[in-house]
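Peer 1: Quick paste from Swiss-Prot:
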type	residues	note
ACT_SITE	Asp313	active site, proton acceptor
BINDING	Ile192, Gly193, Arg194, Gly195, Ala196, Phe197, Ser198, Ile199, Val200, Lys216	ATP binding site
COMPBIAS	113-153	compositional bias 'Low complexity'
DOMAIN	29-93	domain 'SAM'
DOMAIN	186-438	domain 'Protein kinase'
REGION	108-157	region 'Disordered'
Amino acid sequence: MDSTFDARASNKSYLGSNSIALTKNFEDWNNEAVCEWLSENNFKMSDIEKFQENKIKGDHLEFIGDKILIQMGLSIYERLSFKSIFKKLKNNNKIKIDSTDNYKNECESNSINNSNNNNNNNNNNNNNNNNNNNNNNNNNNNNNNNNNNNNNNKIDTFNSSIKQLNFSQEANDPNIKAPILDINQYKLIEEIGRGAFSIVEKYENKLKPNEFISIKRINVLASEKEMIVKEINMLYSINHPNIIKIIGYYKDEHYYYIATPYYKKGSIAKIVKSIKSKNNSGFSESNVRNISKKILNAIDYLHSSNPPIVHRDIKGDNILLNDSDEPILADFGLSYLAIENNTNFKTACCSPFWAAPEILNKSTSDFSRKCDIYSFGCTILEMIVGSDPWGGKRNHQSHSPPIPTYLTLECKEVLNETLKYNQNFRADSKQLLEAQWFKETSLRNSSNGEIIFSSEDIMKEFKKNGSTIQIGPVKQEYKYKEQFDIENISKWPREPSFIDPKHKNYKEVLNLYDHYINHSPFMAKIGPYVLDLKEELNEKTFYKSLAISSILGKIDKYEPTTNQNLIPSLFFGFINFVLYQTIKHYPSKFRIL
């Protein structure tokens with residue numbers, strides 16, 4: 001076997017006591033040798049197992065980049081470590097190959113000379129050769145020992161630097177006020193977003209499973225370091241319930257890593273698109289108002305800061321929902337401190353369908369807080385219509401996107417104030433907070449003056465008294481006032497599952513659904529509020545398959561049972577789920593008695 005590539009860095013080995021010898025050429029290594037090499041360089045067993053599972057061999061190492069390492073599940077720290085030790089491996093490998101070739105050439109030359117001498121003095125030269133060989137062997141042994149000692153020292157130094165990486169000054173930027181993130185505590189799960197100069201990834205806490213954070217990785221070479229430091233410090237200084245908070249940061253040679261909470265529900269844009277795909281509309285006006293008011297409060301907080309902070313990219317994609325359905329304004333990558341930059345700030349910003357005219361047309365370099373107000377108005381429309389406010393076709397000559405005629409007068413007033421073409425005539429955040437739309441508990445329809453009640457009013461009554469279902473003209477009533485948990489009602493399936501027509505209760509459930517939906521009236525009463533259930537269920541035809549699959553699934557869960565009222569009870573439980581969804585998303589469908 002060829003001479004060993006490296007001495008052991010420690011007594012602990014991936015293979016235990018039966019440690020293998022690493023040849024000088026790493027391309028000849030099998031998977032076992034690769035794992036041994038990683039072990040010598042203090043890789044964690046869990047990460048070594050990933051190389052073992054993927055059967056990584058020596059000739060693969062040259063081609064393993066970030067994409068493959070991410071797919072294998074290595075953390076940022078381990079990815080950087082791998083790149084560093086592989087670079088060292090290649091350098092050492094080249095040195096050893098060169099020195100070995102020189103040694104072989106020297107030996108071949110000596111052998112030729114010795115052979116010539118042997119023709120003259122066989123006995124003496126044989127003795128001399130033997131002595132020389134012994135001396136050479138001793139020298140080789142000494143050289144090998146010295147090489148081993150040098151390699152041990154190099155590896156010890158390398159391993160020591162790796163262990164201390166999180167505590168070195170390279171991981172710290174004295175200009176940043178935020179705490180340093182212990183990056184080695186997290187493992188990469190998946191990529192969740194990508195921008196021009198940054199990537200957002202989801203990470204899981206290794207010590208606390210199912211605890212996730214988002215990490216925004218910003219390319220230092222592609223972005224100005226000064227701007228990155230400003231973004232981190234700005235985020236860290238902000239303290240508002242509807243603005244994203246920074247957990248910490250980490251820095252290496254190539255990237256800054258900004259850690260924030262992970263919101264599993266995702267963005268407003270994602271949610272509203274999902275709703276539109278099913279109902280051909282966005283959020284109810286009541287829901288839009290509630291979200292908009294909280295985001296406007298966040299905008300007012302930013303604009304009232306000293307110096308003022310302009311977000312410059314407000315849109316549904318940059319508004320997240322937390323577990324309590326509270327909106328969180330995020331992605332401050334385009335933000336700037338207005339006072340420092342208001343004289344010559346000409347950097348392109350904002351998505352075109354949400355951008356203020358003065359930004360899009362580059363008619364001015366004074367990008368004031370009013371550009372956020374325009375984008376805010378576009379975001380209100382986005383939530384209402386379920387897509388970008390221009391329908392994918394913005395006419396740059398138009399002053400504002402079209403406003404739906406069915407909106408209340410109060411909502412139209414806010415949109416008109418936010419979407420004025422000339423920024424000098426746009427309302428500011430404090431003026432908008434005084435708008436009637438953000439104060440009313442009930443809304444007035446613009447077409448006929450009918451009162452539309454907010455979802456909060458109806459939901460409060462629903463939680464307090466439940467519902468009463470009226471079936472037929474003789475006022476058969478089914479009172480569903482038993483103590484129930486709104487959370488359980490809200491967790492009914494939202495998508496129908498497979499329906500087995502051979503299920504023993506299939507026909508009974510189907511006939512029950514058809515029986516009730518064909519009655520007139522088929523109404524639900526929640527205190528003074530009334531909903532036409534027949535109209536609602538006929539309008540949303542998917543409710544039928546959803547009801548049947550959900551009820552059959554719950555029957556299987558509750559079996560065996562002797563309760564003959566189980567199926568009617570489950571049906572009216574489903575009706576309460578329908579009421580819950582209508583209250584949340586379409587409160588305007590209720591009327592008052």
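Backbone N, Cα and C atoms are what each Cβ position is placed from, and that goes for glycine too.
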Peer 1: Counting across all protein chains shown, how many other Cβ atoms sit within 10 Å of the Cβ of Val200 (ATP binding site)?
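Peer 2: Total other Cβ atoms inside 10 Å, all chains included: 20.
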Peer 1: Counting across all protein chains present, how many other Cβ atoms fall within 10 Å of the Cβ of Ile192 (ATP binding site)?
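Peer 2: Its Cβ shell of radius 10 Å holds 13 other Cβ atoms.
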Peer 1: Out of Arg194, Ser198, Asp313, which of the recorded positions is least crowded by other Cβ atoms within 10 Å?
Peer 2: Arg194
Peer 1: DSSP helix, strand and coil counts for the domain 'SAM' (29-93)?
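Peer 2: So the domain 'SAM' (29-93) is made up of 50 helix, 0 strand, 15 coil.
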Peer 1: How long is the line from the C-alpha of Ser198 (ATP binding site) to the C-alpha of Asp313 (active site, proton acceptor), rounded to the nearest angstrom?
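Peer 2: Given the Cα positions, Ser198 (ATP binding site) is 15 Å from Asp313 (active site, proton acceptor).
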Peer 1: Write down the Cα-Cα distance for Asp313 (active site, proton acceptor) and Arg194 (ATP binding site), rounded and given in Å.
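Peer 2: On Cα coordinates alone, these residues lie 15 Å apart.
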Peer 1: Rounded to a whole number, how many Å is the Cα of Ile192 (ATP binding site) away from the Cα of Asp313 (active site, proton acceptor)?
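Peer 2: Answer for this pair: 18 Å between alpha carbons.
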Peer 1: Can you grab the distance from Val200 (ATP binding site) over to the residue listed as 'active site, proton acceptor'? Cα atoms, rounded to a whole Å.
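Peer 2: With the alpha carbons as reference points, the distance is 17 Å.
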